Amino acid sequence: MIVGLGTDIAEIERVEKALARSGENFARRILTDSELEQFHASKQQGRFLAKRFAAKEAASKALGTGIAQGVTFHDFTISHDKLGKPLLILSGQAAELASQLQVENIHLSISDERHYAMATVILERR
């Protein structure tokens, strides 16, 4: 049974401009330490950050809160399995809310094309 659905789209150029203005401080607001390592290794840092931003916004919407009510960007970590499938790991208040919703499965899809990055998150319980 689906208990949450969230979608977000981010304009890559807008994220690149925020990075140019604020430098790494902007990235640190969005990314966890493990994601920052990947960010530094990325050849397209603006695109990388836009995809993570969209994924975390989509996840927060699926929980029903958005980035508010104690839920922060750092409550979400995006990684990948060995085949490249994106994985969403929850911590902090986001993990607590997911537990209250009895979430057992999290599905994350991330896509980007020229100007935009988008993500969809589905939360399921049995």
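Glycine too: its Cβ is placed from the backbone N, Cα and C atoms.
Here is what Swiss-Prot records for this protein:
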BINDING   D8, E57  Mg(2+) binding site
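For the binding-site residues D8, E57, counting C-beta atoms within 10 A of each C-beta gives the highest total at E57. DSSP assigns D8 (Mg(2+) binding site) to a strand in the three-state reduction.
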